[in-house]
Amino acid sequence: MTRTPEDPISFTQTALSRVRADAPLVQCITNSVVVNFTANAMLALGASPAMADIPQEAGAFASIASGLLINLGTPRAEQREAMTEAAVAANTAGTPWVLDPVAIGSMPVRTPFSYQLRDLRPTIIRGNASEVIALAGDGAGGRGVDATDDVETALPAATALAAQTGSVVAVSGPVDLVTNGTSAVRIANGSPLLTQVTGGGCALGAVMAAFAAVDEDRLSTTIAAIMVYTIAAELAAEKSTGPGSFAVGFIDALAAIDGDAIAQRAAIL
Amino acid sequence: MTRTPEDPISFTQTALSRVRADAPLVQCITNSVVVNFTANAMLALGASPAMADIPQEAGAFASIASGLLINLGTPRAEQREAMTEAAVAANTAGTPWVLDPVAIGSMPVRTPFSYQLRDLRPTIIRGNASEVIALAGDGAGGRGVDATDDVETALPAATALAAQTGSVVAVSGPVDLVTNGTSAVRIANGSPLLTQVTGGGCALGAVMAAFAAVDEDRLSTTIAAIMVYTIAAELAAEKSTGPGSFAVGFIDALAAIDGDAIAQRAAIL
Amino acid sequence: MTRTPEDPISFTQTALSRVRADAPLVQCITNSVVVNFTANAMLALGASPAMADIPQEAGAFASIASGLLINLGTPRAEQREAMTEAAVAANTAGTPWVLDPVAIGSMPVRTPFSYQLRDLRPTIIRGNASEVIALAGDGAGGRGVDATDDVETALPAATALAAQTGSVVAVSGPVDLVTNGTSAVRIANGSPLLTQVTGGGCALGAVMAAFAAVDEDRLSTTIAAIMVYTIAAELAAEKSTGPGSFAVGFIDALAAIDGDAIAQRAAIL
């Protein structure tokens, strides 16, 4: 792919086609709450998810996967061991990987553990403002899984984190922010209903890993993932009568979204 | 809140408004089968769920949470350690907590473990008739997760259990029974479809924890939780074509239920 | 039941009625991704699922259950211990059990572990072509959870595996193949949407266990399980607008499917 971030809509359309054509194998080591929703989101998108999350297998799988998600939502001891193994193997194999440091800040196990993973230099880091601030080392984190900080407040932390790790950093919120440390892009698509479905943010991390599998321009693939995901949310919200029907419609929308919807609705700032 | 149990409909309407206004942080240490459904039910209701269930974090979280659910459906060793830690921390911090002793009776790990938790004096105990009888120490339990005993049969056990632990005890069935050891209230709302969705009972335990977070009259908040939950089930059942669509519609109904629906449908005996 | 495999439609109709009448208690030791969907599929079908998957309880439960599923999707160490315990107890008690060797082949933990379970002689083995070939010992397995081999390619391996273990072996694909080592039956029902829902195959293993609970002719009950499951998928596909609504409609269809739909749609080759 030769398109550049300067042409994000066209890039996103092409990247989505690539995901559907390649069906990238995306390993998801994620939390027990969202694992089903995440797998279904991946299948709807056209990717091939595999939830290989036990020691000895996690590393082997990360070596052959096209992308990897590590999500700290419910990090059991055995899963933490698998996460480290997978991140190391991904780095060795050149597999792009996404770190989602769910609810870090004051939580005494996952917070120091997230710093270890951060220092393994994830390809992409995704979190809400409080999580990104905490991962950058200069905040106390949020309240459970909810951000108590504003997205724009997290810009300095996101920029510093990107500079420190070489990661693309994405901050989720009403307007999503993505930075590689030098450029910052904002995407204003989405629906508040996405925050009323558990895994609304977590599954996005897996989608970012799927898009990262099809192009090495990870700033652009991260933007593409967010656009596809949040525009699908808009399509679903228009047909839903509450968070239950929205979640179902969102999976349908991820399967149905096409280049026209992306072109018509993209709200990149 | 100054309303009394003598005015349960008005109390329930006010308590629901409080849950939506406060978005209480409810920690759920629950089984792998229902964890997604439980989180989505909490979000639909307006509460803020967090599934922090690993040792060292569970206790820290229970200290700051507004409510806690401990559900014994799939009690892994690591999770059992987290459960004890959380219950102890909840007691120290004054966080109300709900114990759901799923499938105890003859099961050799969870049954003695449930007695340990019972002796930590949960704020609320919720189960089917067989589970409540088993937790009170005078029954052999049910068949898997299904009750083999009748709700009314469990009244003596529920009353004794409430007297022994100081807990409010709720027995689920076609007619739900709630007692604090001295008063017993019955609620005849609900739908048989709720028994055809896994987690139909388990998520109610989380809803009880959310309501317990907004008022110290736990007999009344438990009744309120059951009313909101079972009336939402009635609303969903009327629009569903089977257990799949019912589960989706139930989440929508939990988000949409209002004071009028409660007033019109409440069937407190 | 006296019907024979020569009369598979009538057999299936009767077996479905038996499942609904008996509500067999089916223990499912399965992966974290599909556990909710599996439980809901069982409830919709009319069976009574119980996800008892911890050591010390798994064996006790397998002794009293009417059927057992062991699915290797996310085999944590504690769960592997429970699986072996349950398989041994099932053999002792005469409980029929299904082995689903998810993603075996090159995965270094589950592959040797699946051989141990195979050697305990499951009642039924269910997998895709690559998994069945790998379990028979003459293949390198698939790519993650997806088969890279064709169903018919797996016929020699399935036949050999059935002869070796005494198991009925079912190979899933666009056309499903079932063999007891001497007879091979093909079922051409289903929908491609089933492959776009995570657990589309895994839940079938639980359904096979439920049907095995009601009749000792396990070749016929396995065929019956596949027919009911894949015809329900056809019914759901006709009303769905994508994989999200399909998954919901599929649960509704499992609850609604009747003997007429089976007779009209059965595509046994």
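Using the three backbone atoms N, Cα and C, a Cβ is placed for every residue, glycine included.
Given the structure is predicted, the values throughout are model-derived calculations rather than measurements.
What TrEMBL lists as substrate binding site is B:Met51, B:Gly199. Note on B:Gly199 (substrate binding site): other Cβ atoms within 10 Å of its Cβ, all shown chains, come to 26. Annotation note: B:Gly199 (substrate binding site) sits in a coil segment as assigned by DSSP.
The 10 Å shell around the Cβ of B:Ser172 (ATP binding site) contains 29 further Cβ atoms across the protein chains shown. Per TrEMBL, ATP binding site is recorded for B:Arg126, B:Ser172.
Under 8 angstroms separates the C-beta of B:Met51 from a C-beta of chain A, among the binding-site residues B:Met51, B:Arg126, B:Ser172, B:Gly199. Counting only same-chain residues six or more apart in sequence, the Cβ atoms lying under 8 angstroms from the Cβ of B:Arg126 (ATP binding site) belong to B:Val98, B:Leu99, B:Asp100, B:Val169, B:Ala170, B:Ser172, B:Gly201, B:Leu204, B:Gly205, B:Met208. Around the Cβ of B:Met51 (substrate binding site), 29 further Cβ atoms fall within 10 Å across all displayed protein chains. Reduced to three states, the DSSP call for B:Arg126 (ATP binding site) is strand.
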